[in-house]
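Over in TrEMBL, the protein carries these features:
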type	residues	note
DOMAIN	B:17-236	domain 'MacB-like periplasmic core'
TRANSMEM	B:267-293	transmembrane segment
DOMAIN	B:272-392	domain 'ABC3 transporter permease C-terminal'
TRANSMEM	B:314-342	transmembrane segment
TRANSMEM	B:362-385	transmembrane segment
TRANSMEM	B:406-427	transmembrane segment
TRANSMEM	B:439-472	transmembrane segment
DOMAIN	B:492-697	domain 'MacB-like periplasmic core'
TRANSMEM	B:493-513	transmembrane segment
TRANSMEM	B:722-751	transmembrane segment
DOMAIN	B:730-845	domain 'ABC3 transporter permease C-terminal'
TRANSMEM	B:772-799	transmembrane segment
TRANSMEM	B:819-839	transmembrane segment
Amino acid sequence: MTTAVSTDRGEAAARATDVWKVYGSGEAQVIALRGVTAEFTKGRFTAIMGPSGSGKSTLMHCLAGLDYTDRGEIHIGDNLVTGLSDKGLTLLRREKVGFIFQQFNLMPTLTAEENILLPLSIGKRKPDRAWFDQVVDTVGLRDRLSHKPTELSGGQQQRVACARALVQRPDVIFADEPTGNLDSKSGTEVLKFLRRSVDDFGQTIVMVTHDPVAASYADRVLFLADGQVVDEMFDPTADRVLDELKRFDEIVGSAQGEERR
Amino acid sequence: MLRATFKSLLSRKARLLLSTIAVVLGVAFVTGSLVLNSSLGKSIESMFTTVFDDVDVQVTAERDDSLFASATPIPADVVERVAGVDGVSEATGLVSEGTGKLRVVGKNGKAIPNFGAPVIGQNFTGFEDPMELKEGTEPQADDEVAVSASLVATTGYELGDTLPLLTDGPEAREFEIVGVFGYSGGRDSVAGEQTILFTLEAARANLMTVPDAYTLIDVTAESGTDDSQLRDDIADLLGSGYVVQTGEDLAAEQTEAFQPFLDVFNYLLLGFGAVALIVSVFLIVNTFSIIVAQRTRELALFRALGAGRGQVTGAVLLEALIVGLLSAVVGLLLGIGVGYLGTVALGSSMGTDMEATLVVPWQTILAALLIGVGVTMLAALIPAVGASRIPPMAALREAANTIKPVRWFAIIGGILLALGAVALFLGLTERVGDGDDSLLLVLAGVGLLFIGLAVVIPAIAKPLVSLIGAVLSWSMPGKLGRRNSSRNPRRTAITASALMIGITLVTAVGVVLSSANASIQKFFAESVSADVMIAGVGTLNDSYNVEILDEVREMPEVSQAAAAYIDQAEFVEPGTNDEAAVLVEATDDVTAYTELLGITVSEGDLSDLDRNGLVVYKGWAEQHRVTVGDTVDLRFSAAESAAPLTVVAVVESSIGGEVMVSDDHVDRFGQPDPMQAYITLEDGADKPQVIERINQLLAENPAVTAADIGVLNDQLTVTFDAVLLVVQVLLSLAIFIAVIGVVNTLTLSVLERTRELGLLRAVGMTRGQVTAMVMVESVVISVFGAVLGLAAGAGLGIVVQQALSDDFLEVLVMPWGTMVFYLVAAVVIGVLASLIPAFRANRLNVLSAISHD
């Protein structure tokens, strides 16, 4: 499987079409997303970046079926997410989507193994043992499977979360600042693992981050500002991303200045 | 700090509500009991005040306090003497009887049992205010009566009907109802009583059997005369042998007579109130410790910002004070309401037209405040001090609510349990000292075991809860619920303990009652060989004609029959001059009687029982140090003087007899006719049919009925079931409070686990699965409490049975049915208790739950 792609024209694992998201009403109204259209190609690792308040987390939450959109459509694979009931969204999250949060990813009462298998056991699905073993070996948690989260380091906990997301073979894994709470060594391990799961297993990953180094592990970076997609970058490096962010802080800064009259 | 506390309180209304309910219920139960008791007392007092409103002064002759004694007659000339006293406007001699001797025979031919307001018989002296003749006329002939409208309403006999009455002797006498009267204001009676008015001669003949005498003198004072002064004047004139009372004295005396009943009732209610309160304490302690645990970071922030330890403790205690005060007020109001409703309900259940009066003694308000505020603050003290001990930075860092180790609970609890078991064993096997020491040891052992159990529960919570949960953890939500329930063993332990208390008590009572029932059944089956019993409803003038028993004996199906005469005699305690009462039996067939009741001779010979002989039961013989050959002087109820009787035999086993005499003496008994009979049938006799025929023979004896002796056992079972039901109802409040405790713990746990719930929902757990998870946790906790309660209750019941196995609890029978019922109820309780917390868990927004801190 090839890594580098110049054009991104594969089949979409997730798709947002003209998505609007508004919080509050009247004076206090905040428009989080204003007509975002984006595609996330199968087997690719996409990072979403942008300053705080740019709507990157909101976009991810809408894509993942954790939040409702006000207008526009979301697809995961061929499934239309928009308009699903709570039950439908729950099943979608259980079967088509994997999650890695910044912190508090694991149930404290369950062992590492039980945590990894949690989405499968909730859905009463039988785990594929060979696949489970492969995932566990990839994240290097073989000897930690019977440990409770409190007995694991932060990096190990985050790797358990990665394994949990991967073991159910979802259409997309959404990672929300997965390295935000980790030291750089543990963060690097997690990012390398995410990269490997894309390269070796063809997993689709969408990651929200504000760290240019983390973003450099992605195939493509999507830049959001003020609720809109403002730019994208393929095969990013940390330096290029940093430059772009700087440039774009200036643009946005002046644009916002104008908007405020 | 003050403002912060108020804000914190108001911002968590659910928390406030949950911690308040427990205190409110505890306060309401205790104040309700107090209000009910005072109101009932006051209502009874005002009822009697109404009854004796028209009495200025009343004279009666001093009564013999024997069980069978009837009113001492007052000679007619005494009325004349009283009338001559200064200040007396009118003195009326009356013949009056209201002690239960006079009974109406119902339309089914049997005496109507009367447990409420009395049936009063009296001679007619004119329809004076407040009496009002409603229809008919006054009684003129000796077979005519006027009756109160309440009698018409109760019995169904109307004007012109023949009214059969049991007055004296076993057979009914018939009277014609010629008048029906009521009381001013359209009342049927003054206080629910039924009144029958006879002519003076008929009243004398039927109610007292003494000619030219009265039972009481009703004195009307001249206006302006002081009743108490008049009372003293009349008393001085008559000297000893007479009781002179004002209307107020009478009302007070009658009210006083109710006091023992009220006291017992009150102790009972307060006892259950105390149990409810103890359960509330568990609940409050738990609620506050959870609340404080959740506020650890908030409190630590206060500390970090410079608040002292005292201020943190103060903040928690202030919250407790507010909760306590609020609950005390609400609980007090609720208690007053419950007390008033209880008074109304009890008043009407006693069959009287009692007006319910509400009385709130000041002690009630004090109790409400003491319990509400005091208990809440004491319960909050431990968590408050705990909260102030947490170093600020530790709390701020993260997850300070670490689980505290339970090792010490196990060690201390284990030691207490071992000590208790040893004490119990020594006490039950009577290795140490005499009876009293053993009893003390048993009590100490039970006490130690209970404290030990309470201490050890947190230590055993984890494995036991896990075991119970294993049944329910077939799915992932079940597994999570099971793990959650053993996460904080102390919290689970306290919550379950609250439930345990109520179930322990109902189970223990259940074990004792079912054992008592079985023991008595066994006693009957082994000793009493009678098949049929003739008996009344238990009044002292239940009697029948002894000749009927001869006819019964002639029936081919009957093998044996024996009549039982009962009297209460007086005797002089040997070696002293003290007079004491003794229960005397007599029968027309000593051989049959002893066989039928399983009485065995331990000394002497029963066939020696003649006119001068006496048979004594072993217990009485030992108590009074009497043996064969001794002489005992007995004076029967209706005898002028004592008769010297020689003990001819000492016998064992009885259903309560003390001594037996020959039936030659029965005409000097207070009740000269037999009150009961025991009958055995030949093998193969058609029992229902024989009973039917005996009852036909008893047609003219409305006070008694023949019945299968097994019915007695059934009645006993019904009585025990009723007692158990009352205990269950009263303890259901304690159980209800415990259920609120489960709801409380779960709701707070759910709030505490907001982020976990968010995560679970995010990775695909449905609302149904979340509900299942909370439900499993809830069921596990309540079943844990129930199992502990069942074990402790069964243990307590067995100990009681063992301790009393020599007395009357010979057989141990476990009430398996009810125990299984409690277990099933615990499951239902668990499911119900989980509904609110599960609803709250499902209402969480997934996104905000994940980012919840």
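Glycine is no exception: its Cβ is also placed from the backbone N, Cα and C atoms.
TrEMBL entries are annotated by machine, without manual review.
Since we're looking at a predicted model, the values are computed, not measured.
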Confidence summary (mean pLDDT) of the domain 'ABC3 transporter permease C-terminal' (B:730-845): 87
Within the domain 'ABC3 transporter permease C-terminal' (B:272-392), residues counted as helix, strand or coil by DSSP: 102 helix, 0 strand, 19 coil
Within the domain 'ABC3 transporter permease C-terminal' (B:730-845), residues counted as helix, strand or coil by DSSP: 97 helix, 0 strand, 19 coil
Paired segments the transmembrane segment (B:722-751) and the transmembrane segment (B:406-427) in contact, 3+ CB pairs under 8 A: no
Positions whose Cβ lies under 8 angstroms from the transmembrane segment (B:772-799), at least six residues beyond its ends: 424, 428, 442, 445-446, 449-450, 453, 457, 461, 464-465, 468-469, 472-473, 475, 477-478, 480-482, 484-485, 492, 495-512, 515, 738-739, 742, 745-746, 749-750, 760, 765, 812, 814, 819, 822-823, 825-827, 829-831, 833-834, 837-838, 841
Per Cβ pairs under 8 Å, the stretch of B:267-293, B:406-427, B:439-472, B:493-513 packing most closely against the transmembrane segment (B:362-385): B:267-293
Contact set, same chain, for the transmembrane segment (B:493-513): CB under 8 Å, 6 or more residues outside the stretch: 275, 278-279, 282-283, 285-286, 289, 454, 457-458, 461, 720, 723-724, 727-728, 731-732, 734-735, 737-739, 741-742, 744-745, 781-782, 784-786, 788-790, 792-794, 796-798, 800-801, 809, 812-815, 818-819, 822, 826, 829
Distal contacts, the transmembrane segment (B:439-472) - CB-CB under 8 A, six or more residues away: 406-407, 409-410, 412-428, 432, 478, 481-483, 485-486, 489-490, 492-494, 496-497, 500, 776, 779-781, 783-784, 787-788, 792, 795-796, 799, 803
